[in-house]
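What TrEMBL says about this protein:
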type	residues	note
DOMAIN	B:16-263	domain 'Thiazole synthase ThiG'
ACT_SITE	B:Lys111	active site, schiff-base intermediate with DXP
BINDING	B:Gly172, B:Ala198, B:Gly199, B:Asn220, B:Thr221	1-deoxy-D-xylulose 5-phosphate binding site
Amino acid sequence: MNVFINGEPRDIPDKSSLQTLIESLGLTGKRLAVEVNEDIVPRSQHSEFRLSENDRVEIVHAIGGG
Amino acid sequence: MTDQSQIQLPEDKPLEIAGRVYKSRLLVGTGKYRDMMETGHAIEASGAEIVTVAVRRTNLGQNPDEPNLLDVISPDSFTILPNTAGCYNARDAVRTCKLARELLNGHNLVKLEVLGEEKTLYPNMTETLVAAEELIRDGFQVMVYCSDDPLLCKRLEEMGCIAIMPLGAPIGSGLGIQNRYNIRLIVENASVPVLVDAGVGTASDATIAMELGCDGVLMNTAIAQAQDPIRMARAMKLAIESGREAYLSGRMPKKAYASASSPIDGIFF
């Protein structure tokens, strides 16, 4: 199925969990925050949260800024 | 000569933000540095304990071993103050703050800034008020970047913002404190910390802000874009301390004409 990760379309296996997605992106253990369709998904729920077709996933981190 | 260590000056009341006490009244940003090593060294030289960061999309698949800013500026050693830079409306700002809270494991201190236009990056106060209200309702502790309008600053305080941060001049302009009278009025009216956020260009600007009675100064570009950022970070540390001491000392009154420092009595010619 297709999902959008940080604005880019990406094909992932059906019913993938957020945690699986994060692992596949090599981001496991990184300091980041995730929202799906503009709702925060807390870290504690990443393993049980199942993605759906056309979900919009945002993965953010802290960078330099004032 | 008197040994300075013997002179006992009354202790200054330390800066307190969100129930935490800070020795340093200088808050610094982490943007515009050459690299993360320079960022780390400059922050160390500045003595800052509160450090701002921005929240942005993670680069996917490019370089997974890229150092993370929060590994250099660890939340264990610094109070991380995520900002809402780049937000032009309340909705984006609130969304950014929620992501920041998740990113920092529930840490709810944020720097709210809602911008009005790209040319001046002047704060959009209507949207700032809307966002502040929503964030406070949601349990955030809001330090707010705002215009130097004394009435709006008071309003933000009454809404529950924990620190009021009027601009001294546009973000990144380095023009110094443009309206000292307003900053002074805001300080006089406030019962929460007032920090000048944005506009400082060099050490004397930071000192002026502190001499006006501000509780602190937040800056980024003045340090990061100096020829020698690490040295400028130290200069800013000293400037903030100097300005604070001068404020606490109570300056001499200004006079229109001269007043000799040496006595007239005993002149022998």
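A Cβ is built for glycine as well, from the same backbone N, Cα and C atoms used for every other residue.
In TrEMBL, annotation is done automatically, which means it is predicted and not curated.
Mean pLDDT, taken over the domain 'Thiazole synthase ThiG' (B:16-263), works out to 96 on the 0 to 100 scale. Between the C-alpha atoms of B:Gly172 (1-deoxy-D-xylulose 5-phosphate binding site) and B:Lys111 (active site, schiff-base intermediate with DXP), the distance comes to 17 Å.
Pairwise Cα distances among B:Gly172, B:Ala198, B:Gly199, B:Asn220, B:Thr221, which the record gives as the binders of 1-deoxy-D-xylulose 5-phosphate, peak at 9 Å. Chain A lies within reach of B:Asn220, B:Thr221, taking the recorded positions B:Lys111, B:Gly199, B:Asn220, B:Thr221 and requiring a CB-CB distance under 8 A. Sequence-distant contacts (6 or more apart, same chain, Cβ under 8 Å) of B:Gly199 (1-deoxy-D-xylulose 5-phosphate binding site) comprise B:Leu167, B:Gly168, B:Ala169, B:Pro170, B:Ile171, B:Ser173, B:Gly174, B:Leu175, B:Gly176, B:Ile177, B:Gln178, B:Asp205. Note: the Cα of B:Thr221 (1-deoxy-D-xylulose 5-phosphate binding site) and the Cα of the residue listed as 'active site, schiff-base intermediate with DXP' are spaced 17 Å from each other. Neighbour counts were taken at the CB atom with a 10 A radius for the binding-site residues B:Asn220, B:Thr221; the maximum falls on B:Asn220. Following the DSSP three-state reduction, the secondary structure of B:Thr221 (1-deoxy-D-xylulose 5-phosphate binding site) is helix. Compared over the recorded positions B:Lys111, B:Gly172, the count of CB atoms lying within 10 A of a residue's CB peaks at B:Lys111. On its own chain, B:Ala198 (1-deoxy-D-xylulose 5-phosphate binding site) has B:Leu121, B:Tyr145, B:Leu167, B:Gly168, B:Ala169, B:Pro170, B:Ile171, B:Gly172, B:Ser173, B:Leu218, B:Met219 as residues at least 6 apart in sequence with a Cβ closer than 8 Å to its own Cβ.
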